[in-house]
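*Asks:* Just dropping this structure here.
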Amino acid sequence: MTLGVPLQQCGAALLTQVILSLIVVNCRVTLGARNWMRPVPSHDLPVLDLIEPKDKRYDPKPEDLSPKPLRERLDRDFDKQFMSETRPLESILHPNGTVEFSFKRTKRGKLVPSSKMPKEIRHLRLHALKLPDGSRFRMKVGKKMRRKFKQMLWAYTYCPVAYRWKDLGMRFWPRWIKEGSCLTLGSCSFPSGMSCKPHRFVRKTVLRWHCQDWTKKKHCKWIPVNIPIITECSCSC
C-alpha cells in the first residue's frame with residue numbers, strides 16, 4: 001500500500017505535464033493560426049481596386065458630402081496636383097492618361113534632359129574598355145561624344161511614368177485621384193532582360209467613409225487614409 005502513494009503522485013505529475021504540454025501546443029497552434037489569418041502587407045504598386053458592396057445604403061448622405069468642411073478637414077493634405085473634387089478636364093481630354101518624360105525640346109528642336117542624369121550613367125567611365133582577359137583597351141573618345149553616348153544610354157533605359165485620373169467613388173473624398181504607373185513597352189536594358197518598375201512614390205491623404213457597424217450603418221464618419229502614388233520608375237530586374 002505504501003507504493004501506491006508515490007505511483008499516484010507520479011501519475012498526477014505526469015498528467016499535469018501532459019495537460020501543460022497540450023496547453024502550450026494549443027497556444028502555439030492558435031498563435032500560428034492568428035498569424036496565418038493576418039493579412040500580409042504588399043508593396044505592389046499601383047494599389048488594386050477596392051471591392052465594395054454596391055448597395056447605396058452604404059454611401060454617405062448628401063449632407064455628408066459638403067465640400068467646405070471636408071476641405072477644411074484635409075487642410076494642407078489637399079494636393080490639387082494629384083486630387084480633385086470633380087472630374088478633371090485632363091481626364092476628359094486624355095481618358096487613357098498622359099506620359100511624363102524627363103526630356104524636353106529646345107527652340108532649335110534639340111532634345112535635352114529636364115532632370116538630373118542618374119548617377120549610374122553619370123559616373124560611367126568610357127575612357128577604356130575592359131577585355132575578357134583582364135586587359136584594358138584605351139578608347140579615343142572625345143568629351144562631346146562621351147556626353148552624347150551617356151544621353152543616348154539614358155534615353156534608352158529611361159522609364160517614364162504614365163498618369164491617369166481615377167474615380168475612387170463617392171465613398172472617398174476627393175473622389176478623383178491622379179494615379180501613376182510604369183509604362184512598359186518592352187525591355188529597358190541592353191542586353192534585354194530588365195523592365196520598368198516603381199522606384200519612388202508619395203503618400204497622399206484622402207478621406208474615406210467608414211462605418212463601425214455596416215449592417216446597421218452606425219457610427220459612420222470620414223476617416224483619413226493614405227494612398228501611395230508612383231512618381232518615379234526605374235529599369236531593374
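Glycine is treated like the rest: Cβ placed from N, Cα and C.
Look at TrEMBL and you will find Cys159-Cys196, Cys182-Cys233, Cys188-Cys235, Cys211-Cys220 tagged as disulfide bond.
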*Asks:* Using a 10 Å cut-off on Cβ-Cβ distances across all protein chains shown, tell me which of the disulfide-bonded residues (Cys182, Cys196, Cys211, Cys233, Cys235) has the largest neighbour count.
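*Replies:* When each Cβ's neighbours within 10 Å are tallied, Cys233 leads.
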*Asks:* Among the disulfide-bonded residues Cys159, Cys196, Cys211, Cys220, which ones place their C-alpha within 10 angstroms of the C-alpha of Cys182 (disulfide bond)?
*Replies:* Cys159, Cys196
*Asks:* Need this for a regression test: disulfide-bonded residues Cys159, Cys196, Cys211, Cys220, filtered to those with Cα within 10 Å of Cys235 (disulfide bond). What's left?
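*Replies:* Hits: Cys159, Cys196.
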*Asks:* Between C-alpha atoms, which of these disulfide-bonded residues comes nearest to Cys220 (disulfide bond): Cys159, Cys196, Cys233?
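*Replies:* So, of the listed disulfide-bonded residues, the one sitting closest to Cys220 (disulfide bond) is Cys233.
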*Asks:* Counting other Cβ atoms within 10 Å of each residue's Cβ, which of the disulfide-bonded residues Cys159, Cys188, Cys220 comes out lowest?
*Replies:* Cys220
*Asks:* Reduce the DSSP letter at Cys188 (disulfide bond) to three states and note it down.
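*Replies:* Reduced to three states, the DSSP call for Cys188 (disulfide bond) is coil.
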*Asks:* Just to verify a number: CA distance, Cys159 (disulfide bond) to Cys188 (disulfide bond), in angstrom, no decimals.
*Replies:* 7
*Asks:* Given Cys196 (disulfide bond) and Cys211 (disulfide bond), what distance in Å do their CA atoms have, once rounded to a whole number?
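*Replies:* Roughly 39 Å, rounded to the nearest whole number.
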*Asks:* DSSP secondary structure for Cys220 (disulfide bond), reduced to helix/strand/coil, please.
*Replies:* strand
